[in-house]
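Input: a single structure, listed below in structure tokens.
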């Protein structure tokens, strides 16, 4: 799950391996040289698991574990071959039993391994009978994984400096097979009975509550956990640790507990309260009780992603769950709430109802991302999360505007391709098209559809079309319910709304959004009362690629200078015309950025909107202002709007005070000078940075150095002061230096307002003494927010030796956890002094990085893009192409590689076309900035 990092932090600072898959090959060779009887990445459809009995015994001293898997299976046709998943497991013995009876043979089953497919074949002497129940018993052993997936080792240091070891699991998408032999595909659901053998000083937790503990030997306890509901293998979880916990009950009697290392359990209260509130919300919203007796949330010291939705035992990075009242930031509170909300939404979307295969991952992730906003808007209204939603859509559009993007629902087969699906298209675009559909249907109608979907498919698996079919019959026809929104609109037609009811064809409409990559650009041309609309596929660098000819069913919304009530129009064709009741001065489409499309206003349309922002910007909402800023710069990229007009539009920001338009402007403007940094254009680069400071100076000067205000006001303060200090704005730098001196003199004990800490630390890190002091404080800090603030600050150093040392240390993982490495590499990749070091480190350590973080993972994508996607010279482009093409099956075909190459090509083209125009624009007098 993507973490919520402030936008400015990031800026200041595919196919996969050639898995053997040729159906023409009669048989593959197993690792012992014998013929392997199955040549498909997917498991046979004729074998179904019913129930697993798992016994796991981990030794946290030798970092090994032993296991016994007993899995009940049924074959739909006679077969003597059982194909299962197994990866890095040493199978010592496999036997077969019919039903609950005796062994069929004293002779163990023959075991063949085919590591390239992560499969084993168990060969029975006699064919299994169709429709009969059998039990496969497998004994095996393995090392605890040194990566972040499978059954892996994690460590932490106590306040006294003692190193402690624990073992945790991360199975999604394809790593359950690293902990026990299994049928590791999401549609092969089964129930699980889990037993864990452990040392008496440790605690074991799993998906279900503990039933009993048995002393099986001196110094060895076996914990028996209750049988699970029917679920996919990737949702199984267990942890062996010395964690402490705090608990509360929901109104419906579900026990909610937060687990953490003993020194940090006092930071668990906020997440616990949020989890209880959110679980109660979801039970009510979905009208389906949470089906398990408990929900644990565990903070794992080493964790690659943000969090994981294992049923009944959700796992998190410490920074995604633990909240320190004294030191955690406003953005941390927002982030924790959203991530907990996301994982708890999965208990229904993903766990109760699961996609049939990973090509429809978005049914899990898009829904959970969308439900974050639906739930937290209600449960924590003070966070105002609805303001941040459209930012997710812009994130998705960044990658979805490239030719290398993919449809929301797209075929995948091997593990690396599956891992690549965990991207902004599955999460953010998935959420945005659901939000657009909700806006189209109305909140109540949409809710009826998804409740119907969840109830119909509970404990089952679904495809894309199953969701749309559930949305087809959602308007009540018997008059028993008050009709709202879409359903009431469907009863009468309107001359300005093409949403009148022939038949609600949600499926046809939504297939245009899930089965095609990209998104539409809508061009609006106003002529008197006539509004001409045209749609086309928005794609950067489209002149290099053939026309796609895609058409979408676009639910357009608009307001005008004459009416602020939202008007609606469903555009199904390439062009159409709507007629307004009267002529207008301006028209603004995509109200609130609820639609996943961008808009170009032809003729004098942009001039009218630019004038509106200049004269009376609060006439339209802050989200509408932010979307205008975004759309203007997106249009510059495809030469529909000049860079001068886009920059002119931003001049109104002198009077802006709201977080989202300012963040969106920074999102557009900061990358422009980052591209200049890579071309050694110091004079214009400096002028551009000065322009940005002048634009925001009044608002920067108004910021108090306190923690007062709403969450959005506090987040804005933190980012503006950081920007001012990093850009060397002296009033900010001098105050930050004073704070840092006092904080350092107190040996880090003095309390600094949380919202200004980032700016203070960034200034303090600019000399050797300050940098070293910050690093020493990092080692002893128990606060995730403070550690991330120090990490960021250390990465802003202009000393190449410090930056190189930081790369080496974070990769080793002794003091700075290796989980932080992708973020540190990216921050140094954004540093004007550090970016060559980051790019060099990525190349020299590629094989180790892939081993640790896995090919196709979002961490690998984050590092590839973070070190290269702001390059803007042909020399760097050739370097990038040369390096990745040399990798062959170890990364050359990754989607993130295609994305970064496209992005660099776009950067070069953009700079060649716009740099001189920017230089001249900066030289012109701007009365707005005086």
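Positions of Cβ are set from backbone N, Cα and C atoms, glycine also.
Residues or ranges marked as transmembrane segment in Swiss-Prot: 3-23. Feature annotation from Swiss-Prot assigns topological domain 'Lumenal' to 24-930; the stated evidence is sequence analysis. The annotation N-linked glycosylation site is assigned in Swiss-Prot to 59, 143, 403, 655, 749, 890. Annotation source Swiss-Prot lists substrate binding site at 172, 306, 307, 308, 309, 310, citing similarity to another entry. Taken from Swiss-Prot, the feature Zn(2+) binding site covers 342, 346, 365, and the record attributes it to sequence analysis. Taken from Swiss-Prot, the feature active site applies to 343. Marked as disulfide bond by Swiss-Prot on the basis of similarity to another entry: 393-432, 725-732. Residues annotated as site 'Transition state stabilizer' in Swiss-Prot, with similarity to another entry given as evidence: 427.
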Which has the fewest other Cβ atoms within 10 Å: 59, 143, 310, 749, 890, the recorded positions listed? 749
Pairwise over 172, 306, 307, 308, 309, 310, annotated as binding substrate, what's the top Cα to Cα distance to the nearest Å? 13
Could you measure between residue 307 (substrate binding site) and residue 749 (N-linked glycosylation site) for me? Cα positions, answer in whole angstrom. 31
Cβ-Cβ under 8 Å from residue 393 (disulfide bond), same chain, 6 or more residues apart: which ones? 428, 429, 432, 593, 596
Cβ neighbour count (within 10 Å, all chains shown) around residue 308 (substrate binding site): 25
Could you say which of the binding-site residues 342, 346 has its Cβ with the most other Cβ atoms inside 10 Å? 342
List the Cα distance (Å, whole number) between residue 308 (substrate binding site) and the residue listed as 'active site'. 7
So which one is it: of the recorded positions 172, 343, which has the fewest other Cβ atoms within 10 Å? 172
Here are some glycosylation sites: 403, 655. Which one has the most Cβ atoms within 10 Å of its Cβ? 403
Cβ neighbour count within 10 Å of residue 427 (site 'Transition state stabilizer'): 26
Of the binding-site residues 172, 310, 346, 365, which one sits closest to residue 890 (N-linked glycosylation site) when you measure Cα to Cα? 172
What's the CA-CA gap between residue 732 (disulfide bond) and residue 346 (Zn(2+) binding site) in angstrom, rounded? 43
